[in-house]
Amino acid sequence: MGDIRLPRHMFLWCLSAIYMFAFASLYVQIPGLYGNEGVLPARWQLRVSGKSVVEQLKDSPTLLWFGPRLGLDTQQCMELLSLTGALLSLMTLALPVLRDCRVFLVLWILYLSLYQVGQVFLYFQWDNLLLEMGFLAILIAPMKMPWSSKVRLHDSVTFWLARWLLFRLMFASGVVKLTSRCPTWWGLTALTYHYETQCIPTPLAWFAHQLPVWFQKLSVVGTFVIEIAVPFMFFSPIRRHRLAAFYMQVLLQVLIILSGNYNFFNILTITLCLSLLDDQHVNFWLRRPTPKTESTSLQTLISGLAVMLEMGTYALLGYWTVKYFDLQVEWENKSISTKTAFTYFEFNGFLKTVTVPSIWIGVLSLTWEIISSMFKCACVRGVLWRLWSTIQWAVMTAATVSMFAISLVPYTYFEYDAHSNLWPGVRTAFELTDRYQLVNSYGLFRRMTGVGGRPEVVIEGSMDRNTWTEIEFMYKPGNMSAAPPVVAPHQPRLDWQMWFAALGPHTQSPWFSSLLHRLLQGKRDVIRLIQTDESQYPFSKQPPAYLRAHRYKYWFSEPKKDGSYPQRWWRRVYVEEFYPMVHLGDSYLEQMLVQHGLKDKAPPRRSSNAWLPRLLHHVSEHVREMPAPLLLWTLFSSAATLCLLNSLRSRAHHHQHESLQNRHADQQAAGPTRSSVAKEDEKKHEEDDAKDDAEEDGKEQEEDAASEEEQEGEIEEEVDSLRKRK
C-alpha cells in the first residue's frame, strides 16, 4: 500500500459532510418524533430515579442527563445536541484545521447521545455504521490543535480499519441474501420487485423497473459477485486489484443512489471505499505529475508476474461466475440466461471453508501494515523524534488490534462454528463495549418484501364519518399521480417506519397508535413530519374527529402499448383494514396506548424562560419552514464553496512557491558558469572605482591648492592696502 495522505483527507472530509447531513436531518424531525407532544417522547427514556450522574451514564451513555442543569427539557437538549453537531460538522467540512481527532470525538459523543434515546426511529443499520465509522475517525484523524505533528507513520495502520469495515459490510450483505433462503435472491429475480417495493424510490426506479427480466437477473448476479467475491481483493498486494475493487463497489453504490433514496448510507459506503486508494491514484485524478523512477530488471520481472496474476484472478472470477450461475448467451433472443447452479447446503459449506481463512487474510494484511510502519519509525532521524513516533505507533497499533479483535464477534454471526471458536476474552470485550456501538453486524436487503405487491398504509380522516379524506405524506407513495421524490441524503424517519409498519399488523408497530392520537389532537410538530407546508395538510384548520387506516397493494404503472408513458406513476388495489376507526377518548385507542406504555403518566417539565431555551425555540421556528432536503443541500453547498475557494487560494500559493523554488534552482544551476564573469566584473568595478577615487583626490588637491593661492593673494592685497594707509 502506497502513501495514503490524500485518501485519508478525503475520508475525513466526506465523514464531516455525512455527520452534517445526519445531524441536520434529525434536527428538523426532533419535535415531531421525540418532543413532549411527539410520537415517542424521548423523556420517557430518561426516568428520574435519584441516581448519581455517573450511575445514569453507566445505564445510558448520553449527554441528555445534563439537560436539567442547563434548564432544558429532553426535547430542547436533543435540539441543542443536534444543532451543535450540525454546526460543528459544517465547520469541520469547511475548515481543514478542525478535522482533528478531538473534534471527531465530540461528534461521535453527540450522535451516540441522540442514538441512546432514538428508539425505533434511530435503529437503522446506517446509524450503527455512522457510529462505527465515527469512532474509527477518532483513530484516523490527526491531532492538529494547538500544534500539528508531521510525523504520523501509523496512518496506514489505523486507516486499515476502514478497509476491514468495508469488507465486513459488503461480504455480510452478500452472504445474508443467500443464508436467508429468500426465493427471490436464489431465483435471481429480486430486482424485478426491488425497484417498486423499496421504501422511497426515485423517478429513475420506474424506468429501471421496465428493464427486461433477463437483464434484472444478470444484475443480481453482478450484485453477488461485487458483494461476495470482490471484497477479498481489498487485501490483495497487487495495487490494480484494489483499484478495480474500488470502482466496482462505487459503481454499485451509484446505481443504488440513482434508483432509491437511502439517505446517507450509500455515501458512507463510498467513503469507506476511499481506503482502497493511494496518493498516486488521487494525484492521477487531479492530473498532478508524479515522479518517475527508473525500474530495475528485478522490478520489471515482478511487475510482469503481477500482471499475470492479476489477469489470472479476473479470469478465475469470470469462470466461477459462469459456472455457478450458469451464464449462457441466447443469440436468438439477444439475451443472457442465468440461474443459480449451487444449493443452500453447498453455500453453507463454502461459508465454513471461507470464514476462518478470511479472518487470517485480515490478520496477515494488518500485520504487514504494522511491520511496515514499524520500520518507518525505526528510520526516523533524531533520537527524540524516533522515540515519539515509536510511542505513537505502539499506541495506535494496540488500538487497531483491539478493534479488529472485537469486530470478529459480529462478523462471524453468519457462521456458527467460527463464532463459537472465538476466544472468550474477545466475547467479553465485545459485551462490555456493545452499548457504545463500536462494532456492529450488518446485512442489508436480507429478504425481498412486497413480492405480491408493495404494501402501503393510507391514513384517512373525517369530520362526520361519511366523507373521508386521505392524508398524503410528503415522501412515501400515496397519491398515484405524484412522482417519486428525490430526498437523499435526508431521511424522513416517519415515512421509513410507515413502510415497515405496512409489512405486518399495527400491533407490531406500537408507535402507530401514538401517531393517530397526536393527529387527532392536531399537534403541529407531528403534522410537520407529514407535510412541511401545513396548507397541504387537509386538516390544517381543524383536526379530524375520526381517523382510520387501510392497507393497499401498490405497483408501478406499465407503459402503454404504443410505448408512451402513462399519466400515473402507480396503480393500487385495496387489501384490508389496517387500523379501525378511532376518535379522541376511543376505548380501543386508549387500550393500545396503555398497553404499549404510550400514555403520559406525568405532565412534561415546564420549559424555562432562560435565554438558551428561547434561542433554541427561535432557531427551530425559522429552520423548519424550509424543506429538509433543500436545507441539507444549502448547508453542504455553502461549506463546499468555502472549501473550493480555500483550495484555489492554497493552489495559487503553492504555484507561487514552486516558481520561487524553480528560480532559486536555476540560479544555483547557473552559478558555476557565471562566477568567473562576476569576478572579472568585480575587478573592473574595483579598478574603475580606484581610478575615480584617484581622479577625485587629484581634483580635491587642485582645488585645495587653488584655494590656498587665493587666500595668499588676499593676504598680500590686505598688506599692500595697510602700507598705503600708513
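The backbone N, Cα and C atoms fix where each Cβ goes, glycine too.
The compositional bias 'Basic and acidic residues' annotation in TrEMBL covers 657-666, 677-688. Look at TrEMBL and you will find 689-719 tagged as compositional bias 'Acidic residues'. Taken from TrEMBL, the feature domain 'Lipase maturation factor 1/2 N-terminal' applies to 123-283. According to TrEMBL, the domain 'Lipase maturation factor 1/2 C-terminal' annotation covers 438-580. TrEMBL lists 655-726 with the feature region 'Disordered'. Annotation source TrEMBL lists transmembrane segment at 12-30, 80-98, 105-124, 218-238, 250-277, 297-317, 393-414.
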DSSP residue counts for the compositional bias 'Basic and acidic residues' (657-666), split into helix, strand and coil: 10 helix, 0 strand, 0 coil
Close approaches to the transmembrane segment (105-124) from elsewhere in its chain (Cβ under 8 angstroms; 6 or more beyond its ends): 19, 22-23, 26, 29, 33-34, 39-40, 42, 45-46, 60-64, 74, 78, 81-82, 84-85, 88-89, 92, 130-131, 134-135, 137-138, 436-437, 491, 493-494, 496-497, 511
Helix, strand and coil totals (DSSP H, G, I; E, B; other) for the domain 'Lipase maturation factor 1/2 C-terminal' (438-580): 33 helix, 35 strand, 75 coil
Contacting positions for the transmembrane segment (297-317) when only residues 6+ beyond its ends and CB under 8 Å are counted: 225, 229-230, 233, 236, 238, 240-241, 244
